[in-house]
Amino acid sequence: MSCLMVERCGEILFENSDQNAKCVCMLGDVQLTGQTGVPAERRGSYPFIDFRLLNHMLSKVGMWDFDIFLFDRLTNGNSLVTLLCHLFNTHGLIHHFKLDMVTLHRFLVMVQEDYHSQNPYHNAVHAADVTQAMHCYLKEPKLANFLTPLDIMLGLLAAAAHDVDHPGVNQPFLVKTNHHLANLYQNMSVLENHHWRSTIGMLRESRLLAHLPKEMTQDIEQQLGSLILATDINRQNEFLTRLKAHLHNKDLRLEDAHDRHFMLQIALKCADICNPCRIWEMSKQWSERVCEEFYRQGELEQKFELEISPLCNQQKDSIPSIQIGFMTYIVEPLFREWARFTGNSPLSENMLSHLAHNKAQWKSLSPRQRRSRGSSGSGPGHDHAGPGTENEAQAATEGDTP
């Protein structure tokens, strides 16, 4: 069988022209800077730790303007491990589940190291950012008043591990290259199934939950799978429709474990795509990072004469157009319903305010907008340079999250 090998040093080889992929590790652990100017993450690149500033940041971990990039630098590239240890302690999970701190730390290191640090977007810093957002959502009064320690642990673990071992390419790429994971999961939620199964493997290997009853650990594993699988962007309309129906019928009963689990799924989905709802300075960084990852995939596809996936052609798909489409058709509908669920809480209103501001910022930066303010003699622009379209949003749901 032919095989696409992507070595840790970044070497990419096709054995023959069939272009079937069996192993994708993606662009190795090297320092790379893409065309958008985004450097790949590199763990351990900040040897000095200012513990006073670090403790100050941890005291603000529930604030929406939390700077995960600064936190990652302050933790010497160990933001995910440091954040989870802190949150497990502050939520009382270590005491409640009688977790061994050394074993917990070992498991979290395994999770952090299983993220690909060379990915501009899908790396451990993204996981830490999603986890911090999940922590904020778990504190929303409409939800927090009903959550059990198990709910909180599941929410934090799922957020931390939801993209573990992400190869830096999307599902359509794995499918069209006949990657073994696509075959294993029959082209259905390929990446999400892999993230879940990888997480379960690390949980079992670390023996973090080995002291708990077998029935309880099996339930935890299944619920983690249900949460992580909910992040599949192809299921966006499914979850949004269900949420709208619940809110319309006013039939959510959070005393019921099934309804609480559904809202944990929604919370994780929100956390996973919350970048457009952050302050502009951080939101812009995340936008540049995810588009850099898209463009790298497009370059791979072009190099090996594959059709370039939607949103992955840097010559046609501008960052503003990608982001505007994503905000309009994916982010805004979900966060409007989340705000309804929270009763328009201060956090929800803050997020929607940032979302509107960031969308306006991208519109002002779009090539079409700049041309409309310039002279009529300006040169030709990108094919997709204007505000996002519904077709682009559909393209996003067929791939990965911008």
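Every residue gets a Cβ built from N, Cα and C, even glycine.
Quick caveat, the model's predicted, so the values are computed rather than measured.
Among the features that TrEMBL reports, active site, proton donor is placed at His122.
According to TrEMBL, the feature AMP binding site maps to His122, Asn123, Ala124, Val125, His126, Asp163, Asp272, Gln323.
Annotation source TrEMBL lists Zn(2+) 1 binding site at His126, His162, Asp163, Asp272. Less than 8 angstroms from the CB of His126 (AMP binding site) sit Tyr115, Asp163, Trp286, each of them six or more residues away in the same chain.
Positions annotated as Zn(2+) 2 binding site by TrEMBL: Asp163.
The domain 'PDEase' annotation in TrEMBL covers 15-369.
The region 'Disordered' annotation in TrEMBL covers 360-402.
Among the recorded positions His122, His162, the residue whose Cβ has the fewest other Cβ atoms within 10 Å is His122. In this view, the densest Cβ surroundings among the binding-site residues Asn123, Gln323 belong to Gln323, judged by other Cβ atoms lying within 10 Å. The Cβ of Asp272 has fewer other Cβ atoms within 10 Å than any other of the binding-site residues Asp163, Asp272.
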